[in-house]
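Notes follow the structure.
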Amino acid sequence: MSVDLQAPVLDPGGQAPAHTLFLFGATGDLAQRKLLPALHSLFVDKRLPERFVVIGVARADLTDETFRSLVREAALRFGRNADAGEDWPAFLRHFHYVQADARRPEDFARLRARAESLETEHGLPGHRLFYLALAPDFFAPTARALGESGLTACRGWRRLVIEKPFGHDQQSAIALNDALRKVFEEDEIYRIDHYLGKEMVQNIEVLRFANSVFEPLWNNRAIANVQITSSETVGVENRAGYYEAAGALRDMVQNHMLQMVMMVAMEPPSRLKMEAIRDEKVKVLRSLRRYSPEEAVHHVVRGQYTAGRIQGQDVSGYREEPGVAAGSNTETFVAARLYIDNFRWAGVPFYLRTGKRMAAKATEIVIQFRDMPKDLYFNTGGRLGPNLLVIRVNPQEGVYIQLNAKHPGTDERIVPIAMEFSQAPDRSPESYERLLWDAMQGDSTFFTRWDEVSLAWKFVDPIAAAFTRPDTPLHPYPAGSWGPTASDRLLAEDGFRWWPVQGQDTPVDETGPEHHQARPVGV
Ligand SMILES: NC(=O)C1=CN([C@@H]2O[C@H](COP(=O)(O)OP(=O)(O)OC[C@H]3O[C@@H](n4cnc5c(N)ncnc54)[C@H](OP(=O)(O)O)[C@@H]3O)[C@@H](O)[C@H]2O)C=CC1
Ligand SMILES: O=C1O[C@H](COP(=O)(O)O)[C@@H](O)[C@H](O)[C@H]1O
């Protein structure tokens with residue numbers, strides 16, 4: 001069964017309030033690929049208010065006009081609504097540019113003067129959203145300069161949107177947070193984790209808390225294990241400077257992977273209010289079993305890609321990538337077995353894996369249910385597969401349930417079938433659209449609260465310490481594979497295996513009619 005829900009693109013809710021958006025790093029990669037196209041999509045969807053000013057900030061010598069050309073190019077090249085054929089001048093008139101160096105206080109005085117003049121000219125109420133799409137070293141100094149220059153002393157609300165990474169470990173995250181808190185209150189800080197802006201990650205909450213069919217089964221009595229995969233085909237690209245110090249553990253596990261764990265494992269909130277939801281999420285991290293570096297090596301596998309072939313192209317190994325140190329031990333793959341030691345999840349392993357240069361781009365969550373107490377069909381050729389609930393996050397978006405059913409035309413042969421819902425391609429807004437919109441609206445549900453960040457580091461730090469030890473294995477895996485086979489061990493020790501994800505060659509029931517083809521087959 002495939003359903004195309006003609007749902008509205010964003011929840012109804014009208015337009016964002018009139019405000020000024022300060023986009024620091026307006027000429028950078030993130031701004032061009034994500035933020036400017038997201039603003040354009042919000043404009044096309046009529047989400048942006050009439051009275052709205054964007055002030056792009058960077059060191060490059062641009063005028064308003066040249067910045068507007070850059071905005072248009074970015075929206076055309078990377079935007080979801082690039083061909084919507086709307087009125088470009090009406091969109092671009094919102095954009096202005098101030099050349100400023102985040103290290104120079106006098107530049108902030110100029111920025112403030114320009115902002116005040118634009119706010120007066122456009123009759124804006126003085127609400128200010130500061131987005132720091134800057135290198136992490138600039139986060140704290142820029143926040144300080146915003147405070148010292150008086151830019152934060154505005155008439156309306158002020159909010160700070162801060163990009164990842166939020167620190168390198170718990171200690172540096174605390175230092176960064178302390179610096180931000182000197183200028184902004186916690187409820188004014190919006191820490192981005194773009195996975196929380198993904199349609200299907202947000203949908204986990206609805207699937208769980210709006211469907212009575214799942215709640216009685218959502219626990220260790222019915223669920224055998226949970227598998228979360230986020231695989232990428234891209235390599236380190238031009239980000240070696242950052243990635244060499246981060247690795248897959250800090251780049252993906254500390255934030256995106258743990259966020260997905262929280263969404264799957266949280267208790268129902270008392271109300272659908274942002275703090276109630278975030279309170280429940282953080283309790284998951286409090287129950288997450290922390291490993292010492294000695295224990296970590298039994299539950300965590302790290303790997304690094306070597307040369308291989310992806311989608312018909314030869315690609316080089318990590319150590320040969322530009323900017324990567326010869327003999328680098330940075331991990332590009334992590335698999336881990338986690339335990340959440342609370343009543344609901346005690347004894348249920350959560351397996352995570354994420355890596356670069358893997359065979360396919362896929363983010364998927366598989367909930368594997370326990371086997372039937374007795375297999376009545378054991379002598380009919382084949383083993384009964386477990387029921388699976390699969391949440392497809394990316395690139396396909398949807399959900400399917402794998403069931404066992406009688407093969408049509410046979411007496412007893414059992415085949416796995418999939419009941420499937422697929423979100424129509426291109427209907428979902430980009431993560432950054434949702435998150436920008438939420439920040440404009442003052443909804444921080446899908447941003448990470450400080451206690452989440454801190455506890456996530458507390459879990460990750462001992463694993464990172466284990467990774468610095470020379471005797472911790474770093475398993476090579478060829479680009480284009482599914483990571484080191486050592487990651488299979490984590491599941492095999494518990495009698496499980498990774499389920500194939502979208503894009504992975506899967507055995508299908510070759511004798512069944514088309515609508516009875518299942519995705520993975522439980523044999
Ligand atoms: N790119 C991505 O896909 C992702 C990025 N991020 C995060 O987003 C942030 C930005 O990343 P990205 O866009 O890739 O970085 P880039 O290096 O591409 O862009 C940096 C931006 O900052 C500006 N900048 C640099 N130095 C200064 C300065 N002294 N004063 C004012 N502006 C300055 C640059 O313009 P100029 O040189 O003209 O000053 C440029 O606009 C980082 O924190 C990164 O970790 C997070 C997830 C994904
Ligand atoms: O934050 C990051 O995420 C991307 C993967 O995001 P996705 O939305 O494409 O799944 C990853 O490539 C990058 O290294 C990391 O910093």
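Indices start at 1 and increase along the chain as displayed.
Each Cβ is built from the backbone N, Cα and C atoms, and glycine gets one as well.
Here's what TrEMBL has on this protein:
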| type | residues | note |
| --- | --- | --- |
| ACT_SITE | His256 | active site, proton acceptor |
| BINDING | Arg59, Lys164 | NADP(+) binding site |
| BINDING | His194, Lys198, Glu232, Asp251, Lys356, Lys361 | substrate binding site |
| DOMAIN | 23-203 | domain 'Glucose-6-phosphate dehydrogenase NAD-binding' |
| DOMAIN | 206-499 | domain 'Glucose-6-phosphate dehydrogenase C-terminal' |
| REGION | 503-523 | region 'Disordered' |
Binding-site residues near ligand 2 among Arg59, Lys198, Asp251, Lys356, Lys361 (Cβ under 6 Å): Asp251
Cβ-based isolation winner (fewest other Cβ atoms within 10 Å) among the binding-site residues Lys356, Lys361: Lys361
Farthest-apart CA atoms of His194, Lys198, Glu232, Asp251, Lys356, Lys361, residues recorded for substrate, distance in Å: 20
Sparsest-packed of the listed binding-site residues (Glu232, Asp251) - C-beta count within 10 angstroms: Glu232
For the domain 'Glucose-6-phosphate dehydrogenase C-terminal' (206-499), the mean pLDDT of the predicted model: 94
Entries of Asp251, His256, Lys361 (recorded positions) sitting next to ligand 1, with Cβ under 6 Å as the cut-off: none
Closest of Arg59, Lys164, His194, Lys198, Glu232 to His256 (active site, proton acceptor), Cα positions, binding-site residues only: His194
Residues satisfying Cβ distance under 8 Å from Lys198 (substrate binding site), sequence separation of at least 6: Thr363, Val393, Asn394, Ser431
Fewest other C-beta atoms within 10 angstroms, as judged across Arg59, Lys164, His194, which are the binding-site residues: Arg59
Cα-to-Cα gap, Lys356 (substrate binding site) vs Arg59 (NADP(+) binding site), nearest whole Å: 32
Secondary-structure category, per DSSP, in which His194 (substrate binding site) falls: helix
Local Cβ density at His256 (active site, proton acceptor) - other Cβ atoms counted within 10 Å: 23
